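Taken verbatim from TrEMBL:
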BINDING   Lys5, Asn6, Val7, Ile8, Arg9, Arg135, Leu136, Gly137, Tyr138, Gly139, Val140, Gly141, His142, Tyr143  ATP binding site
BINDING   Glu60  substrate binding site
Amino acid sequence: MYSAKNVIRSRMKKSREDYFKSLSDAVRIDLNKKLVKNILGLIPSNTQGPVAGFWPMSFEPDIRPVLETLIPQGRRALLPVTQELGAPLIFRSWKPGDRLQESSFKTMEPLSNAPLYDPEVILVPLLAFDGRGHRLGYGVGHYDRTIQCLQKKKISILTIGVAFEVQRVNELPMASYDQPLHWVVTEEKVYKFI
Ligand SMILES: Nc1nc2c(c(=O)[nH]1)N(C=O)[C@@H](CNc1ccc(C(=O)N[C@@H](CCC(=O)O)C(=O)O)cc1)CN2
Ligand SMILES: Nc1ncnc2c1ncn2[C@@H]1O[C@H](COP(=O)(O)OP(=O)(O)OP(=O)(O)O)[C@@H](O)[C@H]1O
């Protein structure tokens, strides 16, 4: 399982990078806009809980405008914060202009004085997803652990994977702790899984 996932992980890292690098600035901006529109269409309008996004890193789509759109509508926006290896992610409040710091995973995170909240919606970055809503991440188990931990606290969450269409594969190897996503949104489609 470990090595099967690792093989797919390296392959999908490479295809996401190749795809990203093949895009002109104009096309990439257009793709990000389509993703943002698709995501905004899935945010429930009958609830007001916090929405966790992510600060884009290497060759990921930039979906920050989702948060920038939701904040003026009265939603709280959150960004993930990594803890020690093996611990779930926690989420801290973010708004445009806030200072961020780089984590040991090279992600940009709110400072430790930004207030903590549990998200109601989590936008989940990924390397690959399959036809059943399973995802492959960087292999640290961050999001799997986090989703499980929130579910244990009886917090009802909506998980939305965010990806380019090139990240879709037929079937990923599954482990018992893998949490399928409710939705995956790409620049072309909105996939419903749960
Ligand atoms: N934008 C973003 N934020 C995120 C994640 C993510 O995937 N993307 N995470 C997802 O869990 C968490 C951080 N966890 C991470 C765990 C491992 C690596 C990692 O292995 N990075 C590679 C370099 C990536 C690359 O350059 O392609 C490395 O360090 O070798 C990154 C983040 C929370 N925040
Ligand atoms: N809920 C969990 N409880 C305990 N360990 C977990 C849990 N989820 C994942 N792990 C551990 O984390 C490691 C990485 O898991 P996996 O390969 O599924 O990561 P991933 O889904 O690709 O990445 P990520 O979730 O970090 O984006 C595995 O060694 C696994 O044992």
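Placed from the backbone N, Cα and C atoms, the Cβ positions cover glycine too.
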Among binding-site residues Val7, Arg9, Tyr138, close to ligand 1 by Cβ (under 6 Å) are Tyr138
Largest C-alpha distance in Å for the ATP site residues Lys5, Asn6, Val7, Ile8, Arg9, Arg135, Leu136, Gly137, Tyr138, Gly139, Val140, Gly141, His142, Tyr143, as a whole number, is 20
Determine the most Cβ-crowded residue among the binding-site residues Lys5, Arg9, His142, using a 10 Å radius around each Cβ and all protein chains in the structure. His142
For ligand 2, the binding-site residues of Arg9, Glu60, Val140 whose CB is under 6 Å from one of its atoms are Val140
Binding-site residues compared (Val7, Leu136) - the one with the fewest other Cβ atoms within 10 Å: Val7
Chain-internal residues, separated by at least six, CB under 8 A from Glu60 (substrate binding site): Arg16, Phe54, Pro125, Val162
Sorted by position, what residues of the same chain at least six away from Val140 (ATP binding site) have a C-beta under 8 A from it? Leu85, Phe105
Including all protein chains displayed, how many Cβ atoms other than that of Tyr138 (ATP binding site) lie within 10 Å of its Cβ? 14
